[in-house]
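K.L.:
After the C-alpha cells below, expect a handful of questions from me.
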Amino acid sequence: MDERPETELISIPATPRVSTPEIQTPSGQRSPRPAGQKSSTAWTPTSFISPRFLSPIGTPMKKVLINMKGYLEEVGHLTKLNPQDAWLPITESRNGNAHYAAFHNLNAGVGFQALVLPVAFAFLGWSWGILSLTIAYCWQLYTLWILVQLHEAVPGKRYNRYVELAQAAFGERLGVWLALFPTVYLSAGTATALILIGGETMKLFFQIVCGPLCSSNPLTTVEWYLVFTSLCIVLSQLPNLNSIAGLSLVGAITAITYSTMVWVLSVSQQRPPTISYEPLSMPSSSAALFSVMNALGIVAFAFRGHNLVLEIQATMPSTFKNPAHVPMWRGAKVAYFFIAMCLFPVAIGGFWAYGNLMPSGGILNALYAFQSHSIPRGLLALTFLLVVFNCLSSFQIYSMPAFDSFEAGYTSRTNRPCSIWVRSGFRVFYGFVSFFIGVALPFLSSLAGLLGGLTLPVTFAYPCFMWVLIKRPPKYSFNWYFNWILGWLGVAFSLAFSIGGIWSIVNNGLKLKFFKPN
C-alpha cells in the first residue's frame, strides 16, 4: 500500500455547505438515529469533531472540519436512492409533517368499523367488552410505535411500504406471502365496504331529506352505489398521498363529529323498555364460543390502519437532525388520542342505549330503527351526511396503496413515470372494480369479524416479529420474550377470530347487513 502523509487524509476543500442531491430528491434521505441514543454522549458520525478535538488545529483546518460536521449532521449517511420512488404516489412528495400524519392516521383509524363495536358488546357483556377493547387499544398502540421505529431501522434504507418491511424481516418470498394478501385485503376490502356503506347511507340521507315528496321514482341501492363510486373516482384524481391531506382532515373532522353525535343522540333518548345487558344467549356452548370469537374479531377490526403507517411516514423528509419518526410519532399520538375518544364512547354509549337489542348493523342502524321518530329529521340527516363525507375521504387513503402498486408495475416495465391519462385510467379501473365486487358481494360490509380475523396479524402480530428479527434484542431477554409471545398470540387470535367470523356468516346465512336496502 502507498504510504501517504497523514495530512492528505483530511485535506477537504473548504467549500460552503450546499443542499445535496439526497435532500433534493423526493425519494428519501437517511435513516434515524437508532433507538436508545438520546443521550448527548451517544456516538454520532460527527462525535469525533468535538471542541477538544478542534482546539489544537489551526483556523483554516477548523473551518473545514466544521463544514464537514454540518454536512454530516444534515445528510447523516448516504441513503440508497430508488429513482422510481419519485414517480409513485406514496413517495412522490416528501413534504409531510406531524399535522399531515395526524390527519392521515385519524382518517384511517376511525370509520364505519367503529359503529359495529356495540354489536361486539352485545355478545361479550360489560366487563369482557371493555376489557377486550382496552387491551386491543394498548396492543395496537405498541405495534404502531414499532412500525414507526422500524421505518428507518437499517442505515441507508427507508421502508416506505408494509410489504417492504415484511420482506426485510421475513425474507423476499416469505415476506410477500405473509404481508401481501392481508394488506391488499385490507385496502381493497375496505374500499369495497366503503362503497357499500357510503351508497346505502346516501340513500337513507336522500329518503330523510325528501321524505314522501320524492319517492315516486327513487334510485335503487345499486344506483346509489354507482353515484358514490363516481364521487370517489373524481376525488381519487389527486396525485399523491400528501395531496389528499385536506381530504384526510375532512375525514377526521367528520369521523369525530358523527361518532360523537351517534352516541350522544343514543344516550339522550329514552331506552327501549325491553332492554337487557346480559350477553346474548346461544343454543349451545359451541355456538356461544364462536359468537364470542366473532365479537372479538369485530373489536380487532376496529383497529385498522397499520397497513398505512409506513406509507404515511414515507411522505416525510428525514435528515440526521430531524428523522422522520419524530413528527410521525407526534402526529400518531394525537390521532390515537382522538381515536380513543371516538371508539370507547361509541361502544359503551351504544351498548348502554340499546343493550343486546343492538341490530347486527351497529349503532347507526339502531339509531335509525329506534329513534328516527323522536330525533329531529335535520339532525338525523346531518349524521348520515357526515358518514358519507367520511366514507369518501377514507376511500382515498385506503386506495392509495393500490394506486401505488398499479403505477409501480407500469413504471418498472416502461422505465418512465405514468402520464396523467394512465394514472387516471388506473384509478377509474380500480374504482369500478371495487363497485362490481360490492354489487356481486353485497354482504361484504357485514363481515367485520372475519375481516378482523384475517387482517389481525398486520396490526397485532407481524410488527412484533419484525422487531425481533430486525432489531435483534438479546436472546431470552424480556424484550425478546415479550415480542415473541405477543406475535404468536396475535397469530392464534387471528385463526380463532377467522373461524368465529366464518361460523357467524354460515349461521346467519349471509343475511347480515349494515343497512337493509329496499
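Quick reminder: no glycine exception, Cβ is built from N, Cα and C everywhere.
Caution: TrEMBL annotation is automatic and unverified by curators.
Owing to the predicted nature of the structure, the values given are computational and were not obtained by experimental measurement.
Pulled these features from TrEMBL for this protein:
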type	residues	note
REGION	1-44	region 'Disordered'
COMPBIAS	17-30	compositional bias 'Polar residues'
DOMAIN	95-505	domain 'Amino acid transporter transmembrane'
TRANSMEM	106-128	transmembrane segment
TRANSMEM	134-154	transmembrane segment
TRANSMEM	174-197	transmembrane segment
TRANSMEM	245-265	transmembrane segment
TRANSMEM	285-303	transmembrane segment
TRANSMEM	334-355	transmembrane segment
TRANSMEM	375-399	transmembrane segment
TRANSMEM	420-441	transmembrane segment
TRANSMEM	447-469	transmembrane segment
TRANSMEM	481-506	transmembrane segment
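On this model, are these features tucked inside or out on the surface, and what's nearby?
P.N.:
Sequence-remote contacts of a segment are chain residues at least 6 beyond its ends whose Cβ falls under 8 Å from one of its Cβ atoms, and for the transmembrane segment (106-128) they are 193-194, 197, 247-249, 251-252, 255-256, 259, 262, 277-280, 291-292, 294-296, 298-299, 301-305, 308, 335-336, 338-339, 342-343, 346-348, 350-351, 354-356, 358-364, 366, 387, 390-391, 393-394, 397-398, 445, 448, 514.
Below 8 angstroms of C-beta separation, residues 111-112, 162-163, 166-168, 225, 228-229, 232, 304, 307, 387, 391, 394-395, 398-399, 401-402, 430, 434-435, 437-438, 441-442, 444-445, 451, 454-455, 457-458, 462, 514-515 of the same chain, each at least six residues beyond the ends of the transmembrane segment (174-197), sit close to that stretch.
Long-range contacts of the transmembrane segment (420-441) within its own chain (CB-CB distance under 8 A, at least 6 residues past either end) are made by residues 188, 191-193, 195-196, 199, 222, 225-226, 229, 232-233, 236-237, 239, 399, 402-403, 406-407, 410.
For the transmembrane segment (447-469), same-chain residues at least 6 beyond its ends with a Cβ under 8 Å from one of its own Cβ atoms are 113, 116, 119, 136, 139-140, 143-144, 146-147, 149-150, 162, 165-166, 168-170, 178-179, 182-183, 185-186, 189, 193, 293-304, 306-307, 480, 483-484, 486-491, 493-502, 504-505, 512.
Here the transmembrane segment (481-506) has Cβ contacts under 8 Å with residues 139, 142, 287, 289-297, 300, 443, 447-454, 456-457, 459-462, 464-465, 467-468, 473, 512 of the same chain, all six or more residues outside its ends.
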K.L.:
Cβ under 8 Å to the transmembrane segment (285-303), counting only same-chain residues 6 or more beyond its ends: which ones?
P.N.:
109, 113-114, 116-117, 119-124, 129, 132-133, 136-137, 140, 343, 448-453, 455-456, 459-460, 493, 496-501, 503-504, 507
K.L.:
Thinking of Cβ pairs under 8 Å, which stretch from 245-265, 334-355, 375-399 has the most of them with the transmembrane segment (134-154)?
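P.N.:
Top-ranked stretch among 245-265, 334-355, 375-399: 334-355.
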